[in-house]
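A short worksheet on the structure shown next.
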Amino acid sequence: MAGASSPASLRASRSGRHGKDTVRSDLFKSPTIPFVFALILSDAILVALIIAYVPYTKIDWDAYMSQVSGFLGGERDYGNLKGDTGPLVYPAGFLYVYSAVQSLTGGQVYPAQILFGVLYIVNLAIVLFIYVKTDVVPWWALSLLCLSKRIHSIFVLRLFNDCFAMTLLHASVALFLYRKWHLGMVVFSGAVSVKMNVLLYAPPLLLLLLKAMNIVGVVSALAGAALVQILVGLPFLITYPVSYITNAFDLGRVFIHFWSVNFKFVAERLFVSKEFAVCLLIVHLCLLAAFANYKWCKHEGGIIGFMRSRHFFLTLPSSLSFSDASASGIPTKEHIVTAMFVGNFIGIVCARSLHYQFYSWYFYSLPYLLWRTLFPTWLRLVLFVSIELCWNVYPSTPASSGLLMCLHLTTLMGLWFAPSDNPYQVKEDKNSQRHKKHISANLGLLKHVFSVRNVLKKKTLQAARDILVVPISTFFSLADPVSNS
């Protein structure tokens, strides 16, 4: 018949409807994706309301603009790039970023707030992407990432450079999840060039590079990161190199005790002492070594066993490959994020001073870290809310900073006693892969056979109906005297 559809088109139509129904069913069964989009939309509205109705607080913006103006005016001596809060203490990437911000906003606060609001949403989207890919935190707990009063303030009411640094850091982590180690290292180095706190992620990142690539790949990735630093600082390195290095990479700065959020309970005399800084550094290194040996490399038999298994520094690989893949195994997404977030958190616990904007250094990892522990859900929520409350006490007090330290140590203890999963994806040999392909091909053939059989069955039934049912109905209609009258 002219209006009838072919069996192929009918099957395609049914298949399309089935596909759409399957997608809707998956979304209904797992509401993570629609919930994520709802979070981004609702938080974007909240950010717009904050910008419109909450007064801006001037802290470092004028200093940033003064330092950028000096750079754009031709000054290349880092010691002469100053603002009302003091000399410039960030690497040169900071200058490029805020030069672009000044160009886009004219140095005005309100358009800069809008720009930082967009940055906030971009960063949130990247973080949610990381959480969805690792699937460690339940979907409803993702809302915790949008509930921080302090983080909203840091982004759209303070305009700190920490915002750009952490957005780039999270982007590099997202690249690492897809084994884009070389590109990820370039982005990571870009984050370091904006603010050096990103280096807290460096120890676990180096371990992950050694797990993910051969020694040639690791060296090339590190060289790419170093090249970024050289190119970013080149205008200063070729003019006043000593001034640039000593000011931009000053690791011995002593912060003001009044602004400390984590060690306000320590006497100021001890707080500013060199001995206190050295003790914290030793604790930091010991914790990193302990977690690396007993947690991150537990599957390989500790750090020594891992190094022996890879024959590092003893022999070169048979082929000088710069690939982002490793012959020994592919780290899982959960292992990558866990090592990165825990390594950074150890640095946070051992930091001599945490200022209010430093909360952005680890806030977005808190739900992930808490759900990596074996704590019950109610305790995880109590810890999260309590940490947030400590960061919203202004000015900080000995009690609030002491409580914050206890909360940090409790979380770290929970991470220590959490089970260590297999850090590598399960790799299949070639025979297993061929067997799977063979089974898949046979299943496809069987599906095709059953589809053809169903079509033939329907056609056979239709033909039988035409042969038997139509003549019989015709006979009875002729034999019926009422219909013949």
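Every residue, even glycine, has its Cβ placed from backbone N, Cα and C.
Taken from TrEMBL, the feature compositional bias 'Low complexity' covers 1-13.
Among the features that TrEMBL reports, region 'Disordered' is placed at 1-22.
Sequence-distant neighbours of the transmembrane segment (33-56) (same chain, 6+ residues past either end, Cβ-Cβ under 8 Å): 27, 109-110, 113-114, 117, 120-121, 124-125, 128, 132, 139-140, 142-143, 145-146, 152, 155-157. Positions annotated as transmembrane segment by TrEMBL: 33-56 (among others).
Annotation comment: TrEMBL describes 114-134 (among others) as transmembrane segment.
Feature annotation from TrEMBL assigns transmembrane segment to 155-177 (among others).
Summarising the annotation, TrEMBL assigns transmembrane segment to 183-202 (among others).
According to TrEMBL, the transmembrane segment annotation covers 214-238 (among others).
With a cut-off of 8 Å between Cβ atoms, the residues of this chain six or more beyond the transmembrane segment (271-291) that come close are 203-204, 252, 254, 257, 260, 263, 303, 342-343, 346-347, 349-353, 412, 416. Taken from TrEMBL, the feature transmembrane segment applies to 271-291 (among others).
The transmembrane segment annotation in TrEMBL covers 336-354 (among others). Long-range contacts of the transmembrane segment (336-354) within the same chain: residues 130, 134, 136, 173, 176-177, 200-201, 203-205, 207-208, 255, 257, 259-263, 271, 276-277, 280-281, 283-284, 287-288, 291, 295-296, 361-362, 365, 368-369, 372, 405, 408-409, 411-412, 415, each at least 6 residues beyond the stretch ends and with a Cβ under 8 Å from a Cβ of the stretch.
If you look at the transmembrane segment (366-387), the same-chain residues 6 or more away from its ends with a CB under 8 A from one of its CBs are 131, 134, 136-138, 141-142, 144-145, 337-338, 341-342, 345, 403-404, 407-408, 410-411, 414-415, 417-419. Per TrEMBL, the feature transmembrane segment maps to 366-387 (among others).
The annotation transmembrane segment is assigned in TrEMBL to 399-418 (among others).
Using a Cβ-Cβ cut-off under 8 Å and counting only residues 6 or more beyond its ends in the same chain, the transmembrane segment (399-418) has close neighbours at 260-265, 287, 291, 295, 342, 345-346, 348-349, 369-370, 372-375, 383, 386-387, 390-391, 393.
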